[in-house]
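Please read the structure below before turning to the comments.
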Amino acid sequence: MTTASEAVGFSAPRLVTKKVLAKSQSEGDGAVVRRSIGRPELKSLDPFLMLDEFSVSPPAGFPDHPHRGFETVTYMLEGAFTHQDFVGHKGTIRAGDVQWMTAGRGIIHSEMPAGPGVQKGLQLWVNLSSKDKMVEPNYQELLSEDIKHVEKDGVKVKIIAGESMGVKSSVYTRTPTMYLDFTLSPGAQMHQPFPESWNSFVYVLEGEGVFGSRDSSPISAHHVLVLGDGDGLSVWNNGSEPLRFVLIGGLPINEPVVQYGPFVMNTKAEIEQALQDYHYSKNGFEMAKNWRSR
């Protein structure tokens, strides 16, 4: 990544091709989310299936529910969430922490607020290729202090996955993915290279910024910005307040996607099989029959 004092040097800068405002909707049990990817205006962006910015206060939450065929990435922004699943895994992630869960062949879990007040975060759904959809479930959990970060020329970046400013994340991504959390001070700019073959987007968390080209209009919080082809993204903070956004990209899988709620496969037959497996507690859901979260 280059910063304000260095040359940009992109042969094909990525520009914003679509802007969608994330609108509030009900989800789970009394929870409210702002969904950006996964709504009618932007159903998916291969390999990404969904992005929610959630804001949850007890007793609301996301009680016991299944997944198959993809990964969920939960990034806490404020407060804490406790996760538990049907194989005995339990843990709490707090502000700045990340849980990267590979649901694979099947998981049933709950995600509930760990304390009073409002708990906020992002949840991203990353698709898996057909060869990985039925792998064993797996977790990568990162504490905030273990996530690498760099600060230079008014730009701070947390490197959840991928690489920025010469620093690489240790997270393993079955579907090659970059996940960066940027904060730009007023007057700062950043220029982040990207593999040209990847799809990418920005989600603005705080403030407003200019994305892609200097002469474009500033874009404010709660917007998702789909980026066009190119080898890098430039961002400028011309405002008086800090600008915070996540920049996420991934290698397209280019396979058919058939989704039925929390099951994402390649064919209708595989979805029907997933429903049967869940109903009859088999083929990855064996532990479901007598399990309830506490």
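Each position is counted from 1, following the chain as shown.
A Cβ is built for glycine as well, from the same backbone N, Cα and C atoms used for every other residue.
Heads up, TrEMBL stuff is auto-annotated, nobody curated it.
Residues or ranges marked as domain 'Pirin N-terminal' in TrEMBL: 33-126.
Within the same chain, residues at least 6 positions away in sequence whose Cβ sits under 8 Å from that of GLU111 (Fe cation binding site) are GLY61, PHE62, THR74, PHE81, THR82, HIS83. Among the features that TrEMBL reports, Fe cation binding site is placed at HIS65, HIS67, HIS109, GLU111.
Residues annotated as domain 'Pirin C-terminal' in TrEMBL: 179-283. Secondary structure of the domain 'Pirin C-terminal' (179-283) per DSSP, as helix, strand and coil residue counts: 13 helix, 49 strand, 43 coil.
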Per-residue pLDDT averaged over the domain 'Pirin C-terminal' (179-283), given as an integer: 97
Among HIS65, HIS67, HIS109 [binding-site residues], residue with fewest other Cβ within 10 Å: HIS65
